[in-house]
Amino acid sequence: MESVHSRDPVKEEKKHVFMGMEHELNPETHNDSNSDSYGLPQLSEKYNALRQNRSLIIQQTEIIGSAYNKWYLQAILLLSAFICGYGYGLDGNIRYIYTGYATSSYSEHSLLSTINVINAVVSAASQIIYARLSDVFGRLYLFISAVILYVVGTIIQSQAYDVQRYAAGAIFYNAGYVGVILILLIILSDFSSLKWRLLYQFVPTWPFIINTWIAGNITSRANPVVNWSWDVGMWAFIFPLSCVPIVLCMLHMQWRARKTPEWHALKGQKSYYQEHGFIKILKQLFWMLDVVGVLLMGCSLGCILVPLTLAGGVKTTWNDSRLIGPFVLGFVLIPILWIWEYRFARDPILPYRLVKDRAVWSSMGISFLIDFIYYMAADYLYTVMIVAVNESVKSATRIATLSSFVSTVASPFFALLVTRCTRLKPFIMFGCALWMVAMGLLYHFRGGSQSHSGIIGALCVWGVGTTLFTYPVTVSVQSAVSHENMATVTALNYTLYRIGSAVGSAVSGAIWTQTLYKQILKRMGDVALATTAYESPYTFIETYTWGTPQRNALMNAYKYVQRLETIVALVFCVPLIAFSLCLRDPKLTDTVAVEYIEDGEYVDTKDNDPILDWFEKLPSKFTFKRE
């Protein structure tokens, strides 16, 4: 593992040519102003000073990383990341199940997708803020802040006695959850070379190997039908305990780094906060975080997507002004967001100079489709297995997490293979193709006891495909930019990932709520019975066991709706494969990030892409010359 730190970042600290950032940080050399590039106002000296503070944090991060250049210290770091991943991974594995029981206890099970949409919108808005703040204040402080939000949200959810309060807790919980995952991912990226980056990023996912088998036992013994409140609440102290090792690890890194001469050399450089104080930094952070843009994006997404999940059910309510108003407002906010980002934002959510390159926009497209397709196929898969396949709680929990298990088992072998191949694009394309195969299998096996083996097979294929492209997409785009912009492109990918989950949950929920009740009523013919089956399916199946006419009617209704869900997922696998073809294919090296990028460029465009070259030459092979 010595190759991870074959380059001493401290020796390179005078060579910070971060994607032409010296043109932005130095007003004298910044000839082409933002007015020319974006149609934005000229950046102020104070704002540039805050941007320069980000480079100071990056330099400090590199010195901290060099303090852990021994293999055993790297092993301690990875073990700490594993323990942290175990905490949020196990909680994530079972909390979505408890959410289903919570909504069912409120007789609002169909609002599961509404909560998922709210979660995803909050998550998407949080990603950008976390990434930009981490470059100003450092990774550790943001990580601790995320843990606090996680705990607060967990406590609120555990004490909620209606779906509105549960959703409010979900806002805090998800803001913390995505922050922990993103900052942990950035920390591991800071301390690994591109060649070993995938292995490091896989480490927090490895607990799924254990969690897949114990999650079912936990949920069945916890009796979530009765005790879901305590089952959620106990994570308010379990998860922070799992974060203690990584926090201690980061503190130890800083302690070692502070004793180095390189760190003392940086002491002469004051941060923006040290020079200007709290009030002025708040004013400048308002522009750096693009607070207005983030709020407009979150409000627009929420106003459009949440009504889609609320308008159906026992009674269609599209004629209700309380739904129509927010829905229309969401679309009205889109042009307002565009005008703000183009004319007024100093640091736009989507920085054009980054996003315009295919390395970035194609990876963002894939990130969006990953979660969109996932939620279309799996949003109600657990419920389908319980109600329409007659799985037990333990079995359904294990099967629902099977794709994660397979993906995790394959990940270390694949990551080691990548260190030898040093190319990711062929694997990404093959992984996207496997997802299409998995969606086809889920379409075929969607109800009846005979679907048990088919669903397991589909999720295994899904898991292998997940290994080959979900995390590699992030590493692919990181390998095309400098260290200065690594957190930004990582956050952009994860923001689109969360937006994909929001849209996927909304579309999935819209199909479910608009269709399911009508199908149940059509097959049962009894309004009271159909209403009970729709609103509280877990309670209904305890009364009407497998094989009864009422249960068969409910099973067929679930099969019909799940068919629509998987068709949408299958169709969107086509653009997923198309985006994978558009990726760049940079060679993975022993450096933390791309070190030299031409002035004025934000992405390394001098990569060799054999796959795209082959496709470009393909038409010439079928041309015929006239004799």
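Each residue, glycine too, has its Cβ placed from N, Cα and C.
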Inset, instruction - Validate this pair against Swiss-Prot: ILE366 and SER451, same side of the membrane or not. - result: no
Legend entry - Paired segments the transmembrane segment (71-91) and the transmembrane segment (368-388) in contact, 3+ CB pairs under 8 A: no
Legend entry - Paired segments the transmembrane segment (368-388) and the transmembrane segment (111-131) in contact, 3+ CB pairs under 8 A: yes
Legend entry - Stretch contact, the transmembrane segment (455-475) with the transmembrane segment (232-252), Cβ-Cβ under 8 Å, 3+ pairs: no
Legend entry - Other parts of the chain folded back onto the topological domain 'Cytoplasmic' (389-398), taken as Cβ under 8 Å at six or more residues beyond its ends: 93-94, 97, 212-213, 215-217, 219-220, 382, 447-449, 451-452, 455, 546
